[in-house]
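Notes for the one structure printed next.
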């Protein structure tokens, strides 16, 4: 059978046993990849600094997903939140990876068994003796089972009733930990940033799935609906399954890119909108303002800013700064963050505090402009010295650091002031180690960016797949050239004009 590559799946079209076999093999591949990828990531992951070198800076992709479901400890004796553990238990990172690999092996064997023993009695219609599947019944079974799993996840795993809970954090990603979550049954449950909505929605959706599954098991579809939606055709199953998958992919691409309770910034990195809106900058200034109101000095107020919060307020952690095809982790780009140098405060010779305009997300270069509290430009680094009026030298700008490693250090020589003004464009200033990984200094995206790009791309592809297979199953008779009027159209002498039903001859 000389099939072209895009038609090879027709070999399982009317073969339920081997259709099942290839799906089990696919599950084996997916599970095997997940387990192997987890082991690879654990081999290269450095857990020593959860603040300045978290999993998302290191380009971890599957570790964040395990962590958000409640896995925090490793058989290597470390915890994702820092510190050591003595008894991580079976459900550690390695335990989950191993379970996936064992499951993959079992699926592999099951796939081979079903490929060899494809002609089972269960796949044959007892009335006709031909291979056939009761698709509406199978739909009911799957809906019931997935509803049961969905309900169980929401009612037991997330709530901590029988399970660890999920990763929950504060709005600024500072205090995250795995904890049990109570379902949010009020209107707050519809807020995508409220973790309680995850529990309540899984319980509600699971209940609906169980009831819908029982309905489809006990009620047969009407004949007209069965025929109209081609419920006896396996390609209908393919089309509607693709629809479910692409819809889910679009949804998770959105929750990942825009942020939600399911995609904590401690695990996947901040979103681009948090940089665009100055989200962390506002919180830092609020905390400093609160400290000053309590009669703390500027240095004391800035010293109390958590390094973790300052690190979020750095453009290198913005997932939209990495080029789409720049491979590698964020650490391979601007380097491994070593420490916060402190917050630079610039002043002109008249004592006015100046603020460096920050680089917008989609700029690679941006002019260095310093404005006062009213937004009036007071200093810059000019492109042409001959025409400059606001140069650092002319205005006499100085810089002093508060908090961090350079706390209390000030500079007045123009070259150093300009250096730190350029770096202040990129948010808070950090010392970055580019030697260890031979980092090239070009920003990379975080797993948040990769996940979004991948899922949005595949969702679009699967959308077209749904249209394609839906059209094929709905119009199969047309595409195959099978038409109820076909006999009459080609019968010699049926029409005065060949194939024209308006000129049908009268039977004498």
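Using N, Cα and C of the backbone, Cβ positions are placed for all residues, glycine too.
What Swiss-Prot lists as transmembrane segment is 21-36 (among others). Note on the transmembrane segment (21-36): residues 12, 62, 96-101, 103-105, 107-108, 110-115, 118 of its chain, located 6 or more positions outside it, place their CB under 8 angstroms from a CB of the stretch.
Sequence annotations record features per position, and here Swiss-Prot assigns transmembrane segment to 101-115 (among others).
Look at Swiss-Prot and you will find 140-156 (among others) tagged as transmembrane segment.
The transmembrane segment annotation in Swiss-Prot covers 203-218 (among others) and is backed by sequence analysis. Distant neighbours of the transmembrane segment (203-218): 136-137, 139-155, 183; these residues of the same chain sit at least 6 beyond its ends, with a Cβ under 8 Å from one of its Cβ atoms.
Marked as transmembrane segment by Swiss-Prot: 237-252 (among others).
Sequence-distant contacts of the transmembrane segment (457-472) (same chain, at least 6 residues past either end, Cβ-Cβ under 8 Å): 235-236, 238-240, 242-243, 245-247, 249-250, 253, 479. Here Swiss-Prot flags 457-472 (among others) as transmembrane segment, drawing on sequence analysis.
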